[in-house]
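As structure tokens, the structure follows; a few thoughts come after it.
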């Protein structure tokens, strides 16, 4: 597309200008043409959609709704709410107003992306999983979240200008489901046939299974039924049926977005080395290649009479292509049990990456011309607004790192520096907005602050990636933390200083990105290239270590490795077991943990060594001998308590979160580098370049959103305490009724069942003797071990429900944390069973007394033996 926009008036990151008068700022159109969309409603729509998604994610992370419970909501959304919504809209759809050229343009664009991804996957994928990838990856790249996320945004943009565009959502969505997805399903069925070597399954049966999966989809089924009733009922739904359908359909949007947030919990984990490149390529195909192809196909094939409508349709096609991946793709991957990690992780990443792209795209599509002044002021306003919100997010994220004391450990120490640099960038942008154009000294000072911190954010991406690589090899390589920190702040300051000394100030430009002209552009490009190169090489080299096959995930239930395994209680057993056995087998057993409190002083009862047992048989602690261990351990003297503290401070390195942070930042660095090179080698960049400018502005001053999403919602510091506070306030309403009952009936029944039917088996399976003093040991177990055991025996269907079950055992006095400082967690924290006969024990002086009384009440109120229930 030709453009009259002078290159010197464009920016690499943002146009820094004085505040524009209101009449101009709010009227970007340079002509009197009516706007093609209502941009003022876009931001509230995005906040509404992603706010509900965030609520669902928080509910899942706080275990308010477990993954098993979420399946019920998902079934309601997919089998009741969405089919009802589809049926009604297909019945009332006016097919005479449909632009069919638009539909087959979208079909051609989707089919092109589908077959490109499919062919490339077949060519480069490994033979053992070639067909599963060739089936699911093209579906990932073409199936959009049309109804839950797409429809509210299209409604906000086009409800007042082109309301007929809303009906295209219901017509475009079945294209993927009915025409493209069957091909992917057939490839997946071929992969299943190859894996099982079932010779009886012929080709016709494979194709039939693929088509059957399509027909079983409620969306496809209701589309056909709706079209049939469109002609039968003459596009009029009976009143009583309409009210019923409206009741179901109106519940779709909120529940679908909430369910989308629930499905994101714990999806990004154990990313393998091949997943990084695959994720970037798939997300690029979905969010960049597909929108461009959709737009170009509509431009090429749509032969509408109205030029305005033609342009609006092509813009709408581009916006449609930016919609993120549908959650249904993750469901397909789970059903086939193929490529689940890549598909689910990609769904989460694409959903959040699509938000700024949709915002930028919709904003740019409101400009009928390429007049540089409105574009400059638009970027200015967007950058200023984003900086304010981003700075608040960064302050919150920094507070989380400081309060959790993670800033003292690697790699969070370096992440803290990155967040500080991002905060200075936002503050610098806000200050620049108020600097007078003729105030040269003020401009120089703010320029130094802004660009030294902006270059620092670029470099910290590469430095953080190389620190992650060194962290994987820290047993052989000493991490030069001081050098990394000095480089992260010193090199950007040096570059800006060189620009100030040697560069020629461009007096005609009020834009900070062109303050020193071409020299500044080259400096920015070199900085970006070096950071991308360092980050890319470091992330690839991380896979050369022995444990590079997987990284620690978001889910705290995954196995953790402590920094120095040779000096900790968390030593891994050489046997190939799921969890490390910690100080098991022949250790002298004592009648009590050595760090028990007696009259305020530490004491150790007499040691009664036990006979050596075979290494093949675990030592089962004698709880009858441990009757006197009723006081909590002292964290200053107990080895187990000390190791817990070490684990909490340094064991959770959150490597996957940091790798994800680096990947998202690299995408933004690529965009900035492309913008630099595009400007340097093309004097008439065009509209696409301006969109890239907007994206760069959103990225540079909106990095705080990425950091907040990854580090701002700490589970144990924010979510769980907030959840417990709400539960406390809620339960206070019933205090008068429950004053005479130490524990609720639900907790009491859970504890009764566990004591009579499962306690002894659980002790034999997971409780081990672990050293807690110089010559003493205690029978304990890890919280994550109990969670896995509860799932194994059928007392819980997932880890979320198992945590709830374990928390009830703690409240009922059945188990207890060794120091009584933590609630039940799915982590490597040590817990112990309280003795069966608390009345035989001496009274405790501390908070354990209440738990012992609760346990005694449960034990004495337990019914006689019943048939076990699992």
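The backbone N, Cα and C atoms fix where each Cβ goes, and this holds for glycine too.
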Check: Quick one: which of 190-210, 295-315, 316-336, 547-567 does Swiss-Prot have down as transmembrane segment?
Finding: 316-336
Next item on the list: Can you dig through Swiss-Prot and tell me which residue of 15, 612 is labelled N-linked glycosylation site?
Entry: 15
Check: Which of the listed residues, 94, 381, has Swiss-Prot annotated as N-linked glycosylation site?
Finding: 381
Item checked: N-linked glycosylation site per Swiss-Prot (candidates: 9, 672) -> 9
Checklist line | Per Swiss-Prot, residue 166 shares membrane side with residue 804 | finding: no
Check: When only pairs 6 or more apart in sequence are counted, do the transmembrane segment (382-402) and the transmembrane segment (692-712) reach 3 or more Cβ pairs under 8 Å?
Finding: yes
Item checked: residue 266 (cholesterol binding site) to residue 381 (N-linked glycosylation site) - Cα separation in whole Å -> 36
Item checked: Of 80-100, 105-125, 347-367, 415-435, 521-541, whichever stretch has the most CB pairs under 8 A to the transmembrane segment (274-294) -> 105-125
Notebook entry, point to check: For residue 381 (N-linked glycosylation site), what is the tally of other C-beta atoms lying within 10 angstroms of its C-beta?
Noted result: 19
Note to self: Does the structure show the transmembrane segment (105-125) and the transmembrane segment (214-234) touching, where I'm treating 3 or more Cβ pairs under 8 angstroms (sequence separation 6 or more) as a contact?
What the structure shows: no
Note to self: With Cβ-Cβ distances below 8 Å as the criterion, list the same-chain residues six or more beyond the ends of the transmembrane segment (134-154) that contact it, or say none.
What the structure shows: 42, 45-46, 48-49, 82, 85, 110, 113-115, 117-118, 121-122, 125, 165-166, 169, 172-173, 176-177, 180-181, 183-188, 190-191, 252-253, 256-257, 260, 278, 282, 285-286, 289-290, 316, 319-321, 323-329, 332-333, 336, 338-339, 343, 346-347, 351, 354, 358, 362
Check: To the nearest whole angstrom, what is the C-alpha distance linking residue 657 (cholesterol binding site) and residue 381 (N-linked glycosylation site)?
Finding: 31
Check: If you draw a 10 Å sphere around the Cβ of residue 43 (cholesterol binding site), how many other Cβ atoms fall inside it, taking every protein chain shown into account?
Finding: 14
Checklist line | Secondary structure content of the topological domain 'Cytoplasmic' (126-133), with strand meaning DSSP E or B | finding: 7 helix, 0 strand, 1 coil
Notebook entry, point to check: Should residue 57 (cholesterol binding site) be counted as helix, strand, or coil on the basis of DSSP?
Noted result: helix
